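Features of the protein shown, as given by TrEMBL:
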type: DOMAIN; residues: 446-560; note: domain 'Phospholipid/glycerol acyltransferase'
type: TRANSMEM; residues: 12-31; note: transmembrane segment
type: TRANSMEM; residues: 43-66; note: transmembrane segment
type: TRANSMEM; residues: 78-95; note: transmembrane segment
type: TRANSMEM; residues: 101-120; note: transmembrane segment
type: TRANSMEM; residues: 141-162; note: transmembrane segment
type: TRANSMEM; residues: 182-201; note: transmembrane segment
type: TRANSMEM; residues: 236-260; note: transmembrane segment
type: TRANSMEM; residues: 272-292; note: transmembrane segment
type: TRANSMEM; residues: 304-323; note: transmembrane segment
type: TRANSMEM; residues: 329-350; note: transmembrane segment
type: TRANSMEM; residues: 362-387; note: transmembrane segment
type: TRANSMEM; residues: 393-411; note: transmembrane segment
Amino acid sequence: MQPLLRITGVWPYLIAIFLNAFVDLGHKIVIQNTIFKSYDGEIQVVLTALVNGLILLPFILLFSPAGHVADSYPKVRILRVSAWAAVAVSLGITAAYYQGWFWLAFAMTLVLAVQSAFYSPAKYGLVKGLFGKPRLAEANGLIQAVTIGAILAGTVAFTALFESWIVPRAQTPGELLRSIAPLGWLLVLNSAIQVIALYRLKLDTAQPSPPPLTWQRYIKGSALKDNLSILGRQPILRLSIIGLATFWSVGQVLLAAFPAYAKDALSIDNTLVLQGILAASGIGIALGSLLASKLSRNRIETGLIPLGAVGVAVGLWCLPLFTTPISQALNFVFIGMMGGVFIVPLNALIQFHAADHELGTVLAANNWIQNLSMLGFLVLTALFALAGVDSHYLLLLVATVAMVGGGYTIFKLPQSLVRFLLSFLLTRRYRVDVHGLEHLPAQGGVLLLGNHISWVDWAMVQIACPRPVRFVMLKDIYQRWYLRWFFKALGCIPIERGAGADNALAAVAEQLNNGEVVCLFPEGAISRNGQLGELRRGYERACKLANPEVRIVPFYLRGLWGSQFSRSSSKLKELRNAPLHRSVVVAFGKPLPKDTPADVLKRRIFEQATNSWQHAIDELPSLPDAWIRSVKRNLAAQALTDSLSRPLTAGQALTASLLIAKRIHTLTPEQNVGLLLPNSSAGALANMATLLAGKTLVNLNYHLNNRPNGTAKEDVLSAALTQADINTVLTSRHFVEKLQQQGLSVNSQLANTQTIYLEDLQANIRRHERISTWLAVRLLPSWLLQRLYCRSRDANATAAIVFPSTSEGQPKGVMLSHRNLMANIKQTSDVLNTQHDDVVIGSLPLFHAFGLTVTQLLPLIEGLPLVCHADSNDTAGIACAVAKHKATLMFGTSDFLQHLNHSPNVHPPMLESLRAVVVSAENLDEQVCSDFVLKFHKPIYKGYGATETAPVASVNLPDSLGAHYQTIQKGSKAGTVGMPLPGTSFKIVEPESFAEQPTGEAGMILISGPQVMQGYLNDPKRTAAAIKELDGQRWFVTGDKGFIDEDGFLTLIGRWA
């Protein structure tokens, strides 16, 4: 995701708000310091309160006009006009300074505040459009930090210049102003720069004009009443504004009362020291705002609100306990930090929940209530001072108000406090990224429906959602005495299984009708295979009882399968156990009507799965980086073997590949490297070495039969060499001889290329080099090995170019990036739920995407032993390898199964160890499948994909028993090719219009997911035809015909004519 500071227009915006605050604060500091130097006692407190009151008054009196203007005109234009007004006002202030007209300069504070009253709603109203709804909290933290930075800079700069420029003989306010008059030009200069910055901002679009604001409506107060009624309709807006008003009111009293307290109790009479202590609170607010921004990445962390409220109260109560300037400054930093943590999510909530056409009015109402409250507190402060009440007691009163406010916050937002505690505990281990937050309605009843992958799904949803969420949960868990109080505080809704669920569903409908957010996991149980299970239809019954305005928001949780809270295998938990933070993505989809049926809902959840994986793959490393990490987890684990060479451990395999990689890098200046090797230990090592050398793999197809159009297999190989611009081919003399014996004239095909034989590379490796590389693999940490030996670090770069079998014209090169392949490896491994005893049999050729990804890269990167067999036609040899090495996972094609069925040398006990046989459904004969099951008593799991999807897109899985051994999670369905892999989605469309077809109706199959190719090599026209952008997602147009049933399983019918 783009960093905040790289968003277009953000720098002019931040510069403008910095300078605006700097100018406002600068003039205020000059007036306050003049008062401090000229007056004492009650008069000083009263005048200080009065100058603050002049700043607040326009925000109160001009609430309706400011809100009306902000909602009627482009906000950037309002900012520009206000900035020009600041230039004019600052010139007037400068003239007053030079003339020594104190009371005029005092009154100009009011004029400057009028400018700010119109500036503020436009400034904050621009945040949502500039930064986006999901990043409101982050943006508000940054804006608050910049504003406080401006206040601090203004405080320090104007106070220091004031103290250094005043002359000892200046005693009256007029004499003081004349001595520091050049400060006025600093105000003028910064106002002018602000104007320049705002003209660098792109003009935004104004919302439809609200009802006109007439003088009569303004004077009579009807406009005020109408505007405040918005807050009455939305309690969250009202509570957020009250919280902000309380904080800033307490702050105003603190700023007004502390100088007198410091003078009397702490004997501080230097304005620089005094302003330094007060400025410490600004430093704290800036730090707290940045902390809140960091903790609210892509979400609004409402759990910070009660924490900040209590923290401010504690700091205020401790204030009289400190007697030195340093201790007071540190306490002010703490109070400010807690304040920053408190106000950032409140500001974000206001911007999130306010409708776009009312945003300016809501923000103006926020200013009105805050400033009215601050003015009231300042009047109270002045009255206390005139009554002779000691400032010490006034500070205690403020602390009491803050403590009551903190308690009220916890009382009104118990879920937020629980949310913060959950966030604090879980985010130590999990980093939650939220996407699609803009799709979550800010108000009204919302039913969240998504996948159920672990025991902590509910916590992740609550952390991601800025609105309080009520969860539907099983009654037998809800009623456990030690948990019931907790679930009750969260507002959970208990539900019984079967017929007893009706009351709970009625309660769900009631909460939805009350405008609440309710989350229900429609699968009814935690997934046992990482896939989305059957969706129960209970939610449909609840929706029938709900109001028409209620919306369904689909969501998908990615990153928890393989966690300790999931039902995945212990092996997968080891593989997915990140050393520091585990990334979890919560993706919200567009709102759906409440009558959305389960089949459509499931498709929308799959689409959110794709979105969540698209964001998650940004963290995936390149293939060689991932392999190095995998090897370092267990150097001594068995990794690789075949029928011709000795077994290799993971450490030995990496050592051998590093030695070969060094020579490949030296001998091949070009990027694309051809490999003419079978699926063997040597082939695997050469492929990984090529990737380590920073090159792009091109495994050459030596297995193509003559095609219908008459193109010979030699011509196909030559075409691949030409298209990929290959000048160097890595092969083996032994293998070339074998191909020559089979009738493929390899030498003539490679005549114009540099041919490198593995036997020659191996002979040139010296003993000391083997030892030093082996020691490096064994002793160096992963990150250092990657830095020293891995030249493929860009995961977006093309990792492999695959030339699939085709009967149509010249072969087309499919470009697959490291992330394409890594994503498909992770997707496939997740659904296979890899076990500790898993062994993969690799017999498919490496020029085949299925062979490259699933039977080579997957086992190497996931740390599974790989048994290679070079000849895919040698069924007896493959069966022997399965029996010898106790292989558990086998992948093949229809022809391969047929050979196994008919081979008299392959017996059922030889395949006894297999737990899964996965076969590509393309051209799969059902009779072949039946014969295989009958002979070997092993089920076949059909899958589907294409080279363009790296290649796996869907697969059937074994059914899984439920928690009570009475239900199953259906993983396969006869006649289908399964459900899409996690992160993959299918769309069935009409081939001409690309309109989506209803459930069960046939059409052309589109595939979306992180594994979809980069494109075709040197063929942008064909790429444009194959990749379609629909609803913001990239879809591969397969040309296959099929349909999706109501459970989400895909059935193939054939090719689209």
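Cβ atoms are placed via backbone N, Cα and C, with glycine included.
Tertiary proximity for the transmembrane segment (393-411) is limited to same-chain residues at least six positions away from its ends with a CB under 8 Å from its CB atoms, namely 243, 246-247, 250, 253-254, 257-258, 261, 305-306, 309-310, 312-313, 316-317, 319-320, 381, 384, 417. By number of Cβ pairs under 8 Å, the transmembrane segment (362-387) is matched best by 101-120 from the list 12-31, 101-120, 141-162, 272-292, 304-323. Non-local neighbours of the transmembrane segment (304-323) in the same chain are 243, 247, 250, 254, 265-266, 288, 292, 295-296, 330-332, 334-335, 337-346, 392, 395-396, 398-399, 402-403, 405-406, 409-410, 413, 416-417, 420; each lies 6+ residues outside the stretch with a CB under 8 Å from one of its CB atoms. Remark: the transmembrane segment (101-120) contacts the transmembrane segment (12-31), by the rule of 3 or more CB pairs under 8 A. Note on the domain 'Phospholipid/glycerol acyltransferase' (446-560): DSSP counts are 44 helix, 26 strand, 45 coil. For the transmembrane segment (272-292), the partner stretch with the most Cβ pairs below 8 Å, chosen from 12-31, 141-162, 182-201, is 141-162.
Long-range contacts of the transmembrane segment (12-31) within the same chain, counting only residues at least 6 positions beyond its ends with a Cβ under 8 Å from a Cβ of the stretch, are 51, 55, 79, 83, 86, 90, 93, 97, 105-106, 108-109, 112-113, 116, 119, 123, 126, 130, 142-143, 146-147, 149-151, 153-155, 157-159, 162, 177, 180, 183, 186-187, 190-191, 193-194, 197-198, 200-201, 275. Long-range Cβ contacts of the transmembrane segment (141-162) within its own chain (Cβ-Cβ under 8 Å, at least 6 residues beyond either end) map to 4, 14, 17-26, 29-30, 33, 124, 127, 180, 183, 186, 271-272, 275-276, 278-279, 282-283, 285-287, 289-294, 296, 336, 340, 343-344, 347.
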